[in-house]
Amino acid sequence: MELPSNLSPDEASPEWMNKGDNAWQLTAATLVGLQCVPGLVILYGGMVKKKWAINSAFMALYAFASVLICWVGWSYRMSFGDKLTAFWGKPSVALDEKYLLRQAFLGYFPTATMVFFQFVFAAITPILIAGALLGRMNFIAWMLFVPLWHTFSYTVGAFSIWCPDGWLSKLGVIDFAGGYVIHLSSGVAGFTAAYWVGPRLNKDRERFPPNNILMMLAGAGLLWMGWTGFNGGAPYTASTDASLAILNTHVCTATSLLTWLVLDIAVFGKPSVIGAVNGMITGLVCITPGAGVVQSWAAILMGLISGSVPWYTMTILHKKINLLKHVDDTFAVVHTHALAGILGGILTGFFAVPKLCRLFYLVPEWERYIGLAYGLQTGRTSAGLWQMGAQLAGIGFIVCLNIVTTSLICLFIRLIVPLRLEEGVLQIGDDAIHGEEAYVLWDDEEKYEHTQVNSAYDADEYPSVVSKTLSELQMV
């Protein structure tokens with residue numbers, strides 16, 4: 001029997017390619033890309049003090065572009081290529097059509113799709129690190145930090161855990177979609193970098209109100225909905241497990257947000273929208289290591305824990321521990337990403353269902369993946385304890401890796417340019433750094449004429465626009 005013409009293989013659609021899987025993988029990758037640009041760009045831009053809106057958004061935009069060039073230039077194959085060591089692949093380009101059009105190392109789609117899908121995960125990681133550094137890091141230092149950290153830290157974690165040849169992959173660590181590789185890494189690296197960069201101005205640490213909460217919520221919404229592709233794309237196929245992962249992601253996130261909200265009301269007497277966003281983020285992070293390998297009722301329990309434990313450490317414990325008080329972690333990524341990632345990894349080691357692990361991994365040795373709860377239930381306690389031990393080993397490796405590599409990178413950059421901006425620049429913010437401001441009303445014609453950069457309109461080329469704007473301001 002002949003296949004319909006649209007399903008018949010040809011040179012552009014080889015027999016090994018599944019068109020549905022390829023379409024879903026590209027869609028999932030685009031959703032994750034939208035989490036970065038514009039998601040985190042506008043979330044950062046709206047969540048910081050007005051004078052830091054441009055700088056914060058631009059740090060995210062720069063990181064996205066910078067990582068892509070590194071990714072196709074050398075780092076994709078350091079993360080997923082031929083083995084160099086037990087924790088690193090051989091650097092090489094991913095630009096040749098013969099390489100990009102052949103079947104990916106996993107899944108039924110081209111390597112080009114895999115390169116793009118894994119790129120957006122690599123890109124979001126330094127953007128999350130930026131959340132700990134906003135409001136004082138030298139932008140030139142940031143331009144150096146991103147490619148260096150991506151090359152010498154991210155690729156090591158990705159190869160170790162996600163590449164079939166990685167040592168933690170062989171050990172049996174379960175990290176469904178990046179709880180370790182992305183969130184634990186970014187939380188620890190962000191906190192470590194914040195230590196080396198130094199704090200914001202005292203007045204900024206004491207008062208750092210969002211300049212646009214509605215824009216912050218728009219960015220948070222893109223982040224939440226984009227997680228459909230984040231966790232839903234992890235199985236590399238449009239499968240039942242992908243569907244479960246997506247549902248679990250949203251169930252855990254909603255539970256975590258509501259838990260944080262209830263705690264805010266119970267303790268502080270007011271429902272905080274910023275608190276709700278933090279609860280949303282911790283829920284998204286916590287479910288990520290196990291989204292497709294745990295039951296939906298377990299996702300609710302994970303949401304309760306991710307909405308309460310980081311809430312306690314951020315709002316109560318943070319004020320009692322000297323190290324946490326000393327390090328100026330702007331958006332508290334050590335709580336929202338590092339701690340939530342650790343919780344997710346441990347809870348995955350407890351709740352992972354053997355059948356769901358089989359659906360996800362599709363490997364002959366799937367039986368070794370079993371949560372401790374199911375190990376105790378089925379008499380395979382030693383296997384469950386081994387899984388929990390593997391999860392803890394993965395946590396320890398990622399934490400140590402990022403403390404060491406991030407510190408060395410910061411110390412190296414400090415030899416070239418200052419990590420922290422000068423005091424005078426910190427007082428001014430965006431205008432001193434970029435010659436641009438986020439919210440400019442042309443009420444000062446002289447200032448407009450002497451701006452350091454081009455604006456959207458040129459006064460000589462569009463005199464009517466400038467005159468009209470000035471007139472409207474005078475009327476107000």
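Cβ atoms here come from the backbone N, Cα and C positions, even for glycine.
Automated prediction, rather than curation, is the source of TrEMBL annotations.
Taken straight from TrEMBL:
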{"type": "DOMAIN", "residues": "23-439", "note": "domain 'Ammonium transporter AmtB-like'"}
{"type": "TRANSMEM", "residues": "23-45", "note": "transmembrane segment"}
{"type": "TRANSMEM", "residues": "52-74", "note": "transmembrane segment"}
{"type": "TRANSMEM", "residues": "115-134", "note": "transmembrane segment"}
{"type": "TRANSMEM", "residues": "141-162", "note": "transmembrane segment"}
{"type": "TRANSMEM", "residues": "177-198", "note": "transmembrane segment"}
{"type": "TRANSMEM", "residues": "210-230", "note": "transmembrane segment"}
{"type": "TRANSMEM", "residues": "242-261", "note": "transmembrane segment"}
{"type": "TRANSMEM", "residues": "273-291", "note": "transmembrane segment"}
{"type": "TRANSMEM", "residues": "297-318", "note": "transmembrane segment"}
{"type": "TRANSMEM", "residues": "330-353", "note": "transmembrane segment"}
{"type": "TRANSMEM", "residues": "392-417", "note": "transmembrane segment"}
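Here the transmembrane segment (141-162) sits against the transmembrane segment (392-417); at least 3 CB pairs are under 8 Å, leaving out pairs fewer than 6 apart in sequence. Distant neighbours of the transmembrane segment (392-417): 138, 140-141, 144-145, 148-149, 152-153, 156-157, 160-161, 168, 171, 173, 175, 180-181, 184-185, 188-189, 192-193, 196-197, 338, 342, 345-346, 349; these residues of the same chain sit at least 6 beyond its ends, with a Cβ under 8 Å from one of its Cβ atoms. Counting residues 6+ beyond its ends, the transmembrane segment (330-353) has Cβ neighbours under 8 Å at 47-48, 128-129, 131-135, 174-176, 179-180, 183-184, 186-188, 190-191, 194, 200, 208, 278, 281-283, 285-290, 293-295, 298, 301-302, 305-306, 309-310, 313-314, 318, 324, 369-374, 387-388, 390-392, 394-395, 399 in the same chain. Residues 24, 176-177, 224, 227-228, 230-235, 271-272, 275-276, 278-280, 282-284, 286-288, 291-292, 294, 296, 299-300, 302-304, 306-308, 311, 356 of the same chain lie 6 or more positions beyond the ends of the transmembrane segment (242-261) yet place their CB under 8 Å from a CB of it.
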